[in-house]
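Shown next, in structure tokens, is the structure this report addresses.
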């Protein structure tokens with residue numbers, strides 16, 4: 001459908017859009033600040049024009065209320081959400097949970113209606129206070145790892161209650177509704193024991209499928225972190241450990257394709273080979289490979305650490321059946337993703353009409369561009385280009401010519417009016433509204449633009465009307 005899309009305050013360009021845009025969701029981890037040297041990553045290192053959604057990992061829980069974890073989370077929140085001042089289309093979410101968080105805090109919280117209500121109330125207050133646009137659940141996993149079977153249903157109940165509370169709160173304060181998303185399992189047994197897929201999908205805005213960590217040193221043989229397809233020798237449950245099978249399992253069991261977001265890892269799993277001369281897929285291993293100098297995690301290398309491994313003479317191979325690379329040197333073997341595999345997966349994603357890509361994590365890509373000689377954020381940039389987001393607008397909130405605010409003293413009139421015309425409005429319209437665009441009553445050609453509580457009125461070009469379904473100027 002041809003639309004005229006608003007880019008900045010009064011600037012409109014003709015943009016041909018075919019269907020809805022893909023999501024490119026990137027996780028930021030609040031422990032990346034502790035990596036040494038060039039590995040240290042802060043919110044200021046994020047390119048605000050790279051991803052459509054950013055998720056801050058992680059928040060914690062205390063007394064059934066959401067809390068900070070790191071000593072400087074509040075400061076980091078400010079910088080993280082401040083990125084929206086450079087990209088008016090960017091959405092930010094806060095994730096709660098994670099692998100190390102475990103299941104017990106979630107189990108306790110969902111166990112009673114009172115506990116759930118306490119949590120939901122705290123989440124709304126917390127997200128509004130720190131200017132996030134939504135919450136991402138990272139419960140690993142309902143019904144597994146010590147979580148009782150009833151948590152499968154109670155997770156649905158929690159998400160439903162939270163979605164309904166978000167809708168009610170948005171109406172009460174006349175702000176855009178907070179989003180609710182979830183990072184979900186890729187292991188079939190964890191999916192079956194953890195999620196009521198059709199019901200859960202009804203209430204979640206997006207479902208971030210963690211299609212990585214599919215193989216690792218815990219298995220005792222080499223394997224790819226995030227293979228697109230199964231390996232020819234994969235049998236039994238091993239045949240399920242690939243992106244294609246997992247994503248289609250979610251879709252075939254009741255999740256709408258457009259809500260399913262495919263997980264992309266910017267890291268690899270490394271191994272110690274039992275026999276350095278046996279370097280193929282499925283070769284015996286004796287444990288996790290060495291920690292890298294920056295991520296400092298045994299068995300895992302950031303993409304930029306893998307680039308150093310390759311530069312130092314490692315042999316690179318291509319796992320053709322699974323469409324992903326691997327590399328080895330001496331007794332160390334690593335399975336990972338690169339630009340080629342990211343592009344192949346992105347084309348597959350589009351062919352299957354999934355909703356977009358999710359990246360774990362933005363701080364593990366070569367964000368400085370100094371390790372891989374492929375520019376900054378080479379992997380995520382590959383996704384951005386492949387998903388057609390390369391030309392998407394990235395502009396700061398508009399600075400209109402004349403804001404609708406109280407006139408300076410001595411000007412002789414009560415309140416200004418926009419030089420772009422439109423129906424009259426007062427300075428109080430945006431005082432209780434989130435940043436964004438809003439329709440003007442009785443004037444379809446005009447719209448309000450709220451920026452940090454200040455009200456601006458702007459008009460669409462002649463013949464166009466403001467369309468709330470896309471926050472754009474559209475044909476009447």
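Every residue gets a Cβ built from N, Cα and C, even glycine.
When Swiss-Prot records 70, 71, 97, 98, 99, 100, 210, 211, 212, 213, 360 as binding chitin, the matching candidate from 22, 141, 304, 326 it lists for that site is 141. Between the alpha carbons (Cα) of residue 141 (chitin binding site) and residue 49 (disulfide bond) lies a span of roughly 32 Å. Using CA atoms as reference points, the binding-site residues 70, 97, 211 were checked against residue 26 (disulfide bond), and the closest is 211.
Across the structure, residue 49 (disulfide bond) and residue 372 (disulfide bond) are spaced 21 Å apart at their Cα atoms. Annotated pair residue 140 (active site, proton donor) and residue 70 (chitin binding site), C-alpha to C-alpha distance, rounded: 20 Å. Put simply, residue 51 (disulfide bond) is 20 Å from residue 372 (disulfide bond) when counted between their Cα atoms. Comparing C-alpha positions, residue 211 (chitin binding site) sits nearest to 51 among the disulfide-bonded residues 51, 307, 394. When the C-alpha distances from residue 99 (chitin binding site) to the disulfide-bonded residues 51, 307, 394 are tabulated, the minimum falls on 51.
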